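> Dumping what TrEMBL says about this protein:
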type	residues	note
TRANSMEM	A:21-39	transmembrane segment
TRANSMEM	A:70-91	transmembrane segment
TRANSMEM	A:123-146	transmembrane segment
TRANSMEM	A:158-181	transmembrane segment
TRANSMEM	A:188-215	transmembrane segment
TRANSMEM	A:235-256	transmembrane segment
Amino acid sequence: MFLRDVYPKALWDARRSLPGWTLAIAAVALMYAAFWPTVNSPEMADALAAYPDGVLAAFNSGDLGTAQGYLGGAVYGLLVPLLVAVFMIAAGARAVAGDEEAGTLDLVLAHPVSRRGLALQRLGAAMTGMAVVAVVLFALLVALRAPFELETVTVGGFLAMNVQLALFGAMFGALAFAVGAATGSKSLALGVSAGVAVLAYLANSVFPQVAALGWTRNVSPFHWYLGGEPLTNGLQWGGVAALAGTTVVLAAVGVLRFGRRDIGG
Amino acid sequence: MADLAISTQDLVKTYGRGTRGLAGLDLEVRTNEVYGYLGPNGAGKSTTIRILLDLIRATSGTVRVLGLDPRADGVALRRRIGYLAGDFVVDGRQTSRQLLTYLGNLRGGVPAARIAELADRLDLDLDRQIRGLSKGNRQKAGVIQAFMHSPELLVLDEPTSGLDPFLQQEFVRLVQEAQREGATVFMSSHVMSEVQHTADRVGIIRDGRLVAVESVESLRAHAVRSVTLTFDGGFDAADFARVPGFSDLTVAGPTLRGRLAGHTDELVKAASRYTVRDLLCEEPDLEEIFFHYYARPEADHVPA
């Protein structure tokens, strides 16, 4: 049944990598979440007070005294989005450009498959992977709320955080997909997307420490994802709209360009 | 025109930086013929094939394949085409059965029995991972995917490069069967021998233009064959020097060797005066004629 069409085949091809990524991202998130009872102690609070605010802000860890602040900083603020970005950039670059560079795209396109259909189905499979990661992460954290002493974070807060995480990953997946689909170059897709990810991180956490660069935060996908503290305040519609809108635009550009250009070979 | 499976008019493809792929190609492939598309590497063979499949788009000119425009009706058209590239590459982390089932499903399903039958003929183990297969065995999977849905048009890009003689023979049979069942076959190659057993006509492409189209039969008729006659007793070489088209005569004892262009009739009649112990007439070397076309300057076009 997985061999029926391009979309299920793309999922089938990810049958080993997707569980691997899901496991890795969940393991990192849970490991850090498990430290929370230890971090939440007077000794730790004193130790952290010794760090300058700028350093903590640079690691998205402004408020380590609450469960929301700790999770939003150490877990959802740094390592998880980093891993998710890498995971989705790789998936997006592979969707079209990876196949094209390997020389295996010709064969499928010589079949009765439309360019747009193929691109959308491959991108859809990458997005499905992102959804799986976010759902598993959400389910595990909700299930482990009590043992990890994270009850101050509501289920709604976890839901909002993981929805925004999924959109954040989707945006980087769509970016790598768009560059790859438009140019056919996997390395360009990886390079541009990784560069954007680094700039986005700096624009959210480091540049704003210079007063004149405060505006950069507003154009950073990291800010769209984290701004307004979804763990505490639920879905942040501005960020959701910015991430979803950018994803749709990038996907559309990639699909249209891919439909018009020559396939390398 | 309904009797043309492929037709192009003044097809031009220019790649970036002015590199020419095609420089005004006029191609006519008739329905149900096997057409050998010959030319040196870089002449534009793959460019032509990639345009037929809509993998790339022509800069100018028109293309019709099975009455359709590859650009506008690509999906409907490719449903009726089977395509095989000489360097058949696929993801190795799957078995041939999985690959062929998937590709068959993209075409709306190909019966498993048909795949099994072809695999049996070509002696391919469908359940081995493709990455563990030799190049020849991988190519077998490629041959099966091109033929399994019995397409109306087979587009074969240097299909037998790197195949062992057994598979080449079986491949020739598959092409002949497809033609008997009504299919048209468009086969590119840079060597004559790859297409001469199956092709009805060959077109020769050089620098993005068709420089000659001839039937294989007429190529053969004009081909130069090397002939060896061995006689019982003496003979007069002068009798043979008069045979039209017979040249480069050498005599060694009872043996006469020479090169014959055109029909064998006059030579056989000349030889019939003597007792012929042995007559050896080698297959015409079409390759030689082929190189003759390559060597021509571009201006010297032969009308199609």
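Each position is counted from 1, following the chain as shown.
Backbone N, Cα and C atoms are what each Cβ position is placed from, and that goes for glycine too.
Walk me through where these features lie, including what they touch and how far apart they are.
When Cβ-Cβ distances below 8 Å are used as the criterion, the transmembrane segment (A:21-39) is approached by residues 64, 67, 70-71, 74-76, 79-80, 83-84, 87, 129, 132-133, 136-137, 140-141, 144, 148-150 of the same chain, each at least six residues removed from its ends.
Sequence-distant contacts of the transmembrane segment (A:123-146) (same chain, at least 6 residues past either end, Cβ-Cβ under 8 Å): 7, 10-11, 14, 18, 21-22, 25-26, 29-30, 33, 80, 84, 87-88, 91-92, 94-95, 153, 155, 158-159, 162-163, 165-166, 169-170, 173-174, 177, 251, 254-255.
Taking Cβ pairs closer than 8 Å, the transmembrane segment (A:158-181) reaches residues 71-72, 76, 80-81, 84-85, 87-93, 95-98, 100, 119, 122-123, 126-127, 130-131, 133-135, 137-138, 141-142, 145, 188-190, 192-193, 196-197, 221-222, 224-226, 230-231, 233-236, 239-240, 243-244, 246-248, 250-251, 253-255, 257-258 in its own chain, all 6 or more past its ends.
Long-range Cβ contacts of the transmembrane segment (A:188-215) within its own chain (Cβ-Cβ under 8 Å, at least 6 residues beyond either end) map to 54, 57-60, 85, 89-90, 92-93, 97, 172, 175-177, 179-180, 221-223, 226.
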> Do any residues, 6 or more residues outside the transmembrane segment (A:70-91), come within under 8 Å Cβ-to-Cβ of it, and if so which ones?
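Sequence-distant neighbours of the transmembrane segment (A:70-91): 14, 21, 24-25, 28-29, 32-33, 35-36, 39-40, 56, 59-64, 126, 129-130, 133, 137, 150, 153, 161, 165, 168-170, 172-173, 175-176, 189-190, 193-194, 197, 222, 225-226, 229, 231-232.
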